[in-house]
Amino acid sequence: AMDWQVLTRELSLYLESQVRVGFFGSGVGLSLVLGFGVAYACYYLNSIAKKPQLVASNDRFCRFLEEYCPVVTETYYPTIWCWEGRVQTLLRPFITSRPQVQYRNELIKTADGGQISLDWFDNNDSLYYPDASTRPTVLLLPGLTGTSKESYILHMIHQSETLGYRCVVFNNRGIAGEELLTPRTYCAANTEDLEAVIHHVHSLHPSAPFMAAGVSMGGMLLLNYLGKTGRDTPLMAAAIFSAGWNVFESVESLEKPLNWLLFNYYLTTCLQSSISRHRQMLEKLFDMDLVMKARTVREFDKQFTSVMFGYRSIDDYYEDASPCRKLKSVGIPVLCLNSVDDVFSPAHAIPVETAKQNANVALVLTSCGGHIGFLEGIWPRKCTYMDRVFKQFVQAVFEHGNKIL
């Protein structure tokens, strides 16, 4: 904070020395600009730039994070010109860079006759872990209609590459260019495909330390899997980013007029376009004309997702898909980052009290950041706050995990 005050004072003195006469020949305009600048800087430092709230009942886990993942205890300075949640959410995909990543694709068969597309980043040039059999592996789960090409996934791989780790991206069925072999896609509640992928990756590298990171719906799916399996998983730990904790609250928030206009309608069209390529296969079970008429995520889930996975009603599906119900059963260390201004996961729906009852869970709640935003710096092209949390936590688990595991 002192640095900002010094900077503001120096800027004021510099401008005063450069501009002897103001906009109106009297210095009034300059005074107004300077006054506004100082007021904005004060507001930003007092109300916007804050330390995140760390919610964790386990003192050992807290100390572990403070020592090896200190970013979660430091002040988060959102980008000064776009800190509001919706703005951060909208701008991140356009502003952030897209690191180059060469993938190796693998298609694996599922028990029901379907196939899943995995994109591997093997990191065979790893200096720290030249032996592929023991090279730490991070499984990455993208969001609702996301694939291995999302900028946030590319940044996680870039961070893992510098640490010497291997990554594998789990693309949900039918959205990464592969064909649907059965009339089935994916949802946040059904963990069968994720279980198959975790088993497959672990069987290929049984001696490699193994953890997972999920973003948005990928985080919800991962939490639902962990709540179901408890300690019975080959994963050492998991990182969750911008998960929707209570689906009822998420869809209600996204149906508010402005949020529908900015996010809901676009998300619905993304869901529709992701299945339209497979129309011939899906028409065997669904009235696709009705599905394509959906104008909200809720309507899409009612006509398509909940029907596909055999739920009696959309409420039954949303109940089953909400990770807040499973959090008490998580049996491995999990770090969950959310922003309290995320319209996809409203602050009042974040299960703070439940998290306090499970020693394996730590919530990191920032006051700004939006949904998968977390932009920081004057021109936030490169690393976001979320990327730094990911990098530090993954490294902490792989290199100092014996302190909490």
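For all residues, glycine too, the Cβ spot is worked out from N, Cα and C.
Spatially close to S216 (active site, charge relay system) yet at least six residues away along the chain are P142, G143, L144, G146, F241, S242, A243, G244, F344, H371, I372, judged by Cβ distances under 8 angstroms. Positions annotated as active site, charge relay system by TrEMBL: S216 (among others).
The active site, charge relay system annotation in TrEMBL covers D342 (among others). Cβ neighbour count for D342 (active site, charge relay system) (all protein chains, 10 Å cutoff from its Cβ): 28.
Annotation comment: TrEMBL describes H371 (among others) as active site, charge relay system. All chains included, 26 other C-beta atoms sit within 10 angstroms of the C-beta of H371 (active site, charge relay system).
Summarising the annotation, TrEMBL assigns domain 'AB hydrolase-1' to 136-377.
According to TrEMBL, the transmembrane segment annotation covers 20-45.
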